[in-house]
Amino acid sequence: MLFFTLLIQLFLVPVLCQYACSSELKFGTACSENKTSTKWYYDSKLLFCYPYKYLGCGEGSNSFESNENCLESCKPADQFSCGGNTGPDGVCFAHGDQGCKKGTVCVMGGMVGFCCDKKIQDEWNKENSPKCLKGQVVQFKQWFGMTPLIGRSCSHNFCPEKSTCVQGKWTAYCCQ
């Protein structure tokens, strides 16, 4: 019995998690049993978890109650990429690494980094540290503190009521 349990935990659970994480986002359907809520899904293009408005019934397998649940289930702790999940132009071993060619910047992971296009990386960093022209960026609480509520697309209706969604090149954010 112990062998069977171990076999399931080592092989079946990771396969099912990967299936869920790579599944298409399903918003569900409106129904009288449940009300709408904000849930999270793993975006396999940008390799990150983003919020969306769940309509109440019929959610897909790529749907999580919280950002933390999504990240724990789908994103390996050592996974990183260049901004917008664009391809790297080499590897590096420290910020400011001179091994990266001109026009690229070292983006560090755990032990090694990628040489990423500087222009794209700057755009990515700006988009993930949003500023509102009017009002404040909507934030949400994570285990380490407050952080901007950033979604993949305004069409996912993740912004709270009475806030405005601002769409960027890769992601979107909410102003209030």
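Note that Cβ sites are derived from N, Cα and C of the backbone, with glycine treated the same way.
Marked as disulfide bond by Swiss-Prot on the basis of sequence analysis: Cys21-Cys74 (among others). Under the DSSP three-state reduction, Cys74 (disulfide bond) is assigned to helix.
As annotated by Swiss-Prot, disulfide bond applies to Cys31-Cys57 (among others), with the evidence given as sequence analysis. Here Cys57 (disulfide bond) comes close to Gly28, Thr29, Ala30, Cys31, Glu33, Asn34: these same-chain residues lie at least six apart in sequence, with C-beta atoms under 8 angstroms from its C-beta. In this structure, Cys57 (disulfide bond) is part of a beta strand by DSSP.
Neighbour count (other Cβ atoms within 10 Å of the Cβ, all protein chains): 23 for Cys49 (disulfide bond). For Cys49-Cys70 (among others), the entry in Swiss-Prot reads disulfide bond, with the evidence type sequence analysis.
As a whole-number mean, the pLDDT of the domain 'BPTI/Kunitz inhibitor' (21-74) in this prediction is 95. Annotation comment: Swiss-Prot describes 21-74 as domain 'BPTI/Kunitz inhibitor', evidence class sequence analysis.
Positions annotated as N-linked glycosylation site by Swiss-Prot: Asn34. Within 10 Å of the C-beta of Asn34 (N-linked glycosylation site) there are 14 other C-beta atoms, taking all protein chains into account.
Annotation source Swiss-Prot lists signal peptide at 1-17.
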List the Cα distance (Å, whole number) between Cys74 (disulfide bond) and Cys49 (disulfide bond).
8
Same chain, 6+ residues apart, C-beta under 8 Å of the C-beta of Cys21 (disulfide bond), given in sequence order:
Tyr42, Ser44, Asn62, Ser73, Cys74
Can you give me the same-chain residues 6 or more apart in sequence from Cys70 (disulfide bond) with a CB-CB distance under 8 Å?
Trp40, Tyr41, Tyr42, Cys49, Phe64
Need the DSSP three-state call for Asn34 (N-linked glycosylation site) to compare against my parser.
coil
